[in-house]
There are 10 protein chains.
Amino acid sequence: MADNSKIAVLDTSLVDRLPASSKTLFDAKAAKSLSFESIASELGRSEVAVAALFYGQAQASPEDVKKLSTILGVPESKLAEQLLGFPDRGRAGPMPPVEPLIYRLYEIVQNYGYAYKAVLNEKFGDGIMSAISFSTKVEKETDEQGNNWAVITLRGKWLPFTRF
Amino acid sequence: MADNSKIAVLDTSLVDRLPASSKTLFDAKAAKSLSFESIASELGRSEVAVAALFYGQAQASPEDVKKLSTILGVPESKLAEQLLGFPDRGRAGPMPPVEPLIYRLYEIVQNYGYAYKAVLNEKFGDGIMSAISFSTKVEKETDEQGNNWAVITLRGKWLPFTRF
Amino acid sequence: MADNSKIAVLDTSLVDRLPASSKTLFDAKAAKSLSFESIASELGRSEVAVAALFYGQAQASPEDVKKLSTILGVPESKLAEQLLGFPDRGRAGPMPPVEPLIYRLYEIVQNYGYAYKAVLNEKFGDGIMSAISFSTKVEKETDEQGNNWAVITLRGKWLPFTRF
Amino acid sequence: MADNSKIAVLDTSLVDRLPASSKTLFDAKAAKSLSFESIASELGRSEVAVAALFYGQAQASPEDVKKLSTILGVPESKLAEQLLGFPDRGRAGPMPPVEPLIYRLYEIVQNYGYAYKAVLNEKFGDGIMSAISFSTKVEKETDEQGNNWAVITLRGKWLPFTRF
Amino acid sequence: MADNSKIAVLDTSLVDRLPASSKTLFDAKAAKSLSFESIASELGRSEVAVAALFYGQAQASPEDVKKLSTILGVPESKLAEQLLGFPDRGRAGPMPPVEPLIYRLYEIVQNYGYAYKAVLNEKFGDGIMSAISFSTKVEKETDEQGNNWAVITLRGKWLPFTRF
Amino acid sequence: MADNSKIAVLDTSLVDRLPASSKTLFDAKAAKSLSFESIASELGRSEVAVAALFYGQAQASPEDVKKLSTILGVPESKLAEQLLGFPDRGRAGPMPPVEPLIYRLYEIVQNYGYAYKAVLNEKFGDGIMSAISFSTKVEKETDEQGNNWAVITLRGKWLPFTRF
Amino acid sequence: MADNSKIAVLDTSLVDRLPASSKTLFDAKAAKSLSFESIASELGRSEVAVAALFYGQAQASPEDVKKLSTILGVPESKLAEQLLGFPDRGRAGPMPPVEPLIYRLYEIVQNYGYAYKAVLNEKFGDGIMSAISFSTKVEKETDEQGNNWAVITLRGKWLPFTRF
Amino acid sequence: MADNSKIAVLDTSLVDRLPASSKTLFDAKAAKSLSFESIASELGRSEVAVAALFYGQAQASPEDVKKLSTILGVPESKLAEQLLGFPDRGRAGPMPPVEPLIYRLYEIVQNYGYAYKAVLNEKFGDGIMSAISFSTKVEKETDEQGNNWAVITLRGKWLPFTRF
Amino acid sequence: MADNSKIAVLDTSLVDRLPASSKTLFDAKAAKSLSFESIASELGRSEVAVAALFYGQAQASPEDVKKLSTILGVPESKLAEQLLGFPDRGRAGPMPPVEPLIYRLYEIVQNYGYAYKAVLNEKFGDGIMSAISFSTKVEKETDEQGNNWAVITLRGKWLPFTRF
Amino acid sequence: MADNSKIAVLDTSLVDRLPASSKTLFDAKAAKSLSFESIASELGRSEVAVAALFYGQAQASPEDVKKLSTILGVPESKLAEQLLGFPDRGRAGPMPPVEPLIYRLYEIVQNYGYAYKAVLNEKFGDGIMSAISFSTKVEKETDEQGNNWAVITLRGKWLPFTRF
């Protein structure tokens, strides 16, 4: 299983861009060699949401804090204090992204942005797909030739522009 | 059906950023009041792919050109000439996007980019989800309260970094 | 009443950034010397919404098109064609704004952005004020010393981040 | 009351962008679990002004310093020293904003900027709405369906361009 | 008097950035070989204000339009139409400026900006010097060695930040 | 005299952008509660020049160092060492400025830049107003209604472009 | 051979960024359905050099002009006039590139730039690989599984920094 | 062999942009005066890959970690911990590059980007050369006049755009 | 003399950035196959100054206009009109430059800027080398091995910062 | 000799952008009050090269290290270690430069870039002046009126574009 057995850790040069909780959470995750999949299943949340929480991009409920304290072996009070506030989102990495994996997601928006808009407008009218009333997940598929495929699903509430 | 019955047309101020084919295709689409859904079903391609083709972001096969000529009522030779080349992608709109609908897709990358990376790396190892060996689709769901939800699926081949 | 009797027209150097409808609408408004206030009252929409519609930032309903045709003396078919699509928002002017009036609105976001966030989060929890399920209006007040005050109201639906 | 009972704290990665007073004030606020609403009511200022003061975007009067010392339990001399100067505004966060809540305010300026200008010019003549002789507030409304709405009011003195 | 006898004309490559009135006004000025000094004295306004008006950065009163028509020999109706609206300021040239003369003014702000702020704050308290309730003039001085000195005066109303 | 009695201090978040001398000078000024006006009068230089010197934007002569040592109560050797070099100007704040007071100076250049150029060219020929052979001052005026006005004077040597 | 039989043509939205010769050359190439490979072999130059010449990024010798006139069926005088000058390089597309194919080349520089520098410095000393005394070529390889591989070779003279 | 005998070390001002492993690896390399060539030959990888690994741009296998520990004399556990995660690529240096050697590679993309695209499209159809299924190497050639030439080879899998 | 016998012409894609005079002058120069060297010697100005004049970066005296009319065979009145104004400098090309030749000049400033400053400050004190009271020339040298060297001389008046 | 007797030192706020050697070298230079002129004459290199070496923009030979150790009184081993690598050029200051002295050099490139290109192309053909096979020097001239002039000479090898 070689490479795949690795777990994601926090790049040290990212630490200054992220809230203090990110270092705490990632350090504990590394120390216990936990994958996001296992944390997510214990927490009852999606893997992407958990990873987002680790990067300071999603909020932890008091319940999450309690469970994370157990899962990660970090004192609840420390977690509670560092996760006390409201997430200050959007500063994890530079935009346009320089990381190749993230850049390709950006490129999809760059290349297909207007196509999505045209299709969504025709299907729903004038409005947007919310990125707040929103959930997302990542799945792995393997085709018959043994190739792996990543499938990312974005699901957002449709918000029509208010007429005023 | 009011607003929803509208079809997407080409904003006149975008014309200069796009290849000549975009104006030809959108003008014919508007003249015939065709939705991307109906064109896509006649062409046997996905709606997003067709819209992307209209915006110069996807390639038309000779077969597509023939069918589009019939569907849109544009001389095949004219279409063939304007669609002759290889798409020069990525210049349809500014980045970061200023259009609210497209911005929200960008924001998803901004907020969840590192979370996607962490989860994908743990699931697949070191690599990227291809945006080239890639397909995407848009679906509409309506929940029990009558709310509409847009669901966008991104499916890309996993490419591991070559060891060298 | 000197200066105040003037009406807003379209700066010629903005024309290329805007959809074709903007020129049509502004030209007719200028020819008839109509204020946004009078158009809005005939249309039954807010002044800001009407101005936004003129700048290609809001959608016209079929009803609006019919009424605008009468109010402005522009053939309905011409208006219908130019207003057929879905607005492609966000490109009216540069950001950061260089126009002093618009810059001051931008500066309010720059200076008070985090203060708004902190107060809104404490009042509503983790989420955003929608700019889509949203309306806005402008009012004029005159205080006892005869000074004029502009009052801009922003009203948006609160959208909590989905837990997933 | 779950999430809503949380109070806003200072994201650790913002500390370096803000004056020393921000950390002092937010730390004390967190230690005492005070909301901006309660501080504002004791201080006799608006909630947004107080939050702005915490982010170094508004000035504290000597009176404010004295009261804050009592409310927050911070020695008056320490507060006085850190709040001694004139605010150096505008550096709390990046522009364009990457935080989703703040971005939506920015987007309102982007989309409606020219509409506001046109309407304000017709109502007041050639000039600007001051962002200095200015106050703002945030209110919460709940409609009959139980939806929450945020209402932000901006009130600025109208300044006509001097003729010279 | 060689070079000094020249008058300022409109660089053709700037035309597209400016309102239609700029070309009309500058063409007439060039045809009549008028300096801003002579136009300003006939109009009863300052030279800088007149030049700003020519560049679309200041408003013309109906009176100005009438007089300019006479001074420049342009039909009043044409001027009235082109000068009908409210100026859309700030787009005459790029920022940072690339023109050496304008760059040096920008450099003064870059180098002395904080010094001005510190001195103004100490003299007036927390606030700004208005650029709207504002006038400016340019003067020429010649010292005893025969060197010429340009003197630019900026005079703006002091606006204290409102306490709220 | 309330707010006006405050003196300007160094925002802690600016420290890293400035030379070591800035912190030394501002700390001493704060400790002694000295205004730039009083330091300037003892030093025999203009207030703006002194503030610029504090921000690392102007050079101190050996004489200045000696006097500053006395005025501020800082050992001369320490001042001499920190003020030994040639100023490395232009890095005190970001451009475009985000501070409202400094932004308005920038806006004056943005709006009136070409007007200044046109008027200066007509008065002096082809050249620039030097920002090096240059002095500037700030004055306070109060009009009959009790309004305060800030007057900034910029005086620079006229440099004609060399013909070669 | 379907798609592969297509030839590269000039995207109409690029025309304004390129010299007049680009349109002339690409139009003639399209009219004759010539590939760069065939033109290159007749011209005795590399394919990339010929494509670069078509995009205005390489110089044509008088000999090239003569041969191109024959190959493309364009009057020699017209070609000579349009290819008369020295190429004004670097403006064919935006940087960072938005075209996916070109972006990946850019990404290679972004990711491996310092690695190339370290290896080249160790092999050659302090200097650079010239991009002027430089040639490049593109080759196609097919591996045993039938996968195609693109091989790009960059060959530049090593220039050591002069000691002075 | 003078200059050429030098080995590449890590510029201290780059440390903060790179993961902790970079400093560890480069320090050990410097202490042992090892070239990338010798490390690469012991590791059985290409020189560029090894340098990329040192700059945090490529992944180390468990095998690599073991060997590097021996080669560099760094405890395996320390290396393992710092090289545990998935590389977070793309942040080693600024783009556009300011380093002259790296800039020239960037310039090659800028000048020849469209030429490469045109030639690759004609040879392979619509697609990209992968930068992930990719390897690269650097070679040194000396011509008959004794001039040195650097030869960089880029070899990437061709990925056709999926039709969907 | 092959390539060297070519003369510089105006790239058609630059025309819109430059004043109308540039096209007039370059067209006439091309029609007459004149080098800048020959025009300069007839005009009694330096080659660089003449080229700058052609690009709208330097002013023509009435004398120059007269001579240019003769040299180029363009009616004096046409030249006079197009060269009537004061140059609006700095917009000929983008910065950072993308043209390789111009980029290298930029790179010299990037790499040696602080070194020049340090040396100039030590030689002259606190001040700048004027780019206005300034002349420049280009010379060609050939060394004993037959290599050509370009020598660019910049000569500017030293301006000390005014003490105030 | 007042100001001129000063020597250039390292601005503390630049330290983080530069290699560790810069602080070592400048500190020693300041401690010994050495000018670049005196160091250069002892080292047998040009003043600009020495200053560039201090700013990490040029390489030191082993011989230079030895001599610098003596001149500056820094242990040779320390210098050797810090100067061991290959310079990582181009990051000393921001571009566009904000320092007035450096900006004027930048402005010369901005204003005269195309003029230099045109003249160089006519003199040498299609190519560039190398910034690598390059030397530069600074001289001081005093004219008859006692004005000082700075003369900067740039001398680079001409590199013709390779035909391929």
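All residue numbers here begin at 1 and follow the chain in the order shown.
Cβ coordinates are placed from backbone N, Cα and C, and glycine is handled just like the others.
Unlike curated records, TrEMBL annotations are generated automatically.
Proximity of G:Arg104 (active site) to non-local residues of its own chain (separation of 6 or more, Cβ distance below 8 Å) is seen for none. What TrEMBL records for G:Arg104 (among others) is active site.
The secondary structure of G:Glu107 (active site), as reduced to three states from DSSP, is helical. With a cut-off of 8 Å between CB atoms and residues at least 6 apart in sequence, the same chain places nothing near G:Glu107 (active site). What TrEMBL records for G:Glu107 (among others) is active site.
Feature annotation from TrEMBL assigns active site to G:Ser130 (among others). Here G:Ser130 (active site) comes close to G:Gly156, G:Lys157, G:Trp158, G:Leu159: these same-chain residues lie at least six apart in sequence, with C-beta atoms under 8 angstroms from its C-beta.
Sequence annotations record features per position, and here TrEMBL assigns domain 'Cyanate lyase C-terminal' to G:91-164. In the domain 'Cyanate lyase C-terminal' (G:91-164), the DSSP tally of helix, strand and coil residues is 25 helix, 29 strand, 20 coil.
Taken as a whole, the domain 'Cyanate lyase C-terminal' (G:91-164) shows an average pLDDT of 97 in this prediction. Taking 8 Å as the upper bound (exclusive) on CB-CB distance to chain J, the active-site residues G:Arg104, G:Glu107, G:Ser130 give G:Ser130 in sequence order. Under 8 angstroms separates the C-beta of G:Glu107 from a C-beta of chain A, among the active-site residues G:Arg104, G:Glu107, G:Ser130.
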